[in-house]
Amino acid sequence: MRIAVICFCLLGIASALPVKPTSSGSSEEKQLNNKYPDAVATWLKPDPSQKQTFLAPQNSVSSEETDDNKQNTLPSKSNESPEQTDDLDDDDDNSQDVNSNDSDDAETTDDPDHSDESHHSDESDEVDFPTDIPTIAVFTPFIPTESANDGRGDSVAYGLKSRSKKFRRSNVQSPDATEEDFTSHIESEEMHDAPKKTSQLTDHSKETNSSELSKELTPKAKDKNKHSNLIESQENSKLSQEFHSLEDKLDLDHKSEEDKHLKIRISHELDSASSEVN
């Protein structure tokens, strides 16, 4: 305890002592201060007029900055018209009302009767959309007309029957018609049926011509095939003969070469035997 008390006393004494400011100047500056104290004092303490000249541009710059800040802040406030502020207030009120309504709805949903009513209302709000009904293609059977005689074997007889029916109907429908009208009607129908008959005849003639041409072409094609087969067989026989002749020649040449080799060997053996005898 004594040591602690002594330490506190020393700290209090040290804090009570005056602190001398350290001179940050160099030794040359200290010498100048000692030699010319008045000149240094006047240099360190300039005239108030000089201070004002130095401070004037700084004050102008600071005033310009403050003016700019004020101008930037003022438009944001001025742009907000009283109507906009009123709208903002109304929005806040509406949001509060909505929140209150939500809370009321949450309270009322706890009632079973209310839940049933809401369910029925939701079902009534639903709209029944029509379902896609598959479209059925209606097939209309082909009803041949009276003048349609194509595709029948008895087209001529059928045409005569249809004409007689037409004439009977025309007589019944117009009993007052004259013979000239009747003849003109027949002529017009004949003119109308003439191109059909000619087309049928041309088709039949084309079919007959095509059948005749096909009959004529088939034997010619057969003859050509036979002739080509004969030529190929002759060429094959010639080639086979030439091949056999070449084989025979090669065999003869090979045999003659073997005979020559044998003769040479025999002559060499005889020479060697005669030399040994000598």
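Just so it is clear, glycine is given a Cβ too, placed from its N, Cα and C backbone atoms.
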Exercise. Which of the listed positions, S103, S211, does Swiss-Prot note as phosphoserine?
Worked result: S103
Problem set entry | Annotated phosphoserine residue, as Swiss-Prot has it, among S15, S267 | S267
Problem set entry | Per Swiss-Prot, the candidate from S49, S60, S164, S170 carrying the annotation phosphoserine | S60
Exercise. Which of the listed residues, S162, S245, has Swiss-Prot annotated as phosphoserine?
Worked result: S245
Exercise. Rounded to the nearest angstrom, how far is the Cα of S245 (phosphoserine) from the Cα of S228 (phosphoserine)?
Worked result: 26
For this session: Could you break down the residues of the compositional bias 'Polar residues' (228-243) into DSSP helix, strand and coil, giving a count for each?
Result: 16 helix, 0 strand, 0 coil
For this session: Using a Cβ cut-off of under 8 Å, list the residues of the same chain at least 6 residues beyond the compositional bias 'Polar residues' (228-243) that approach it.
Result: none
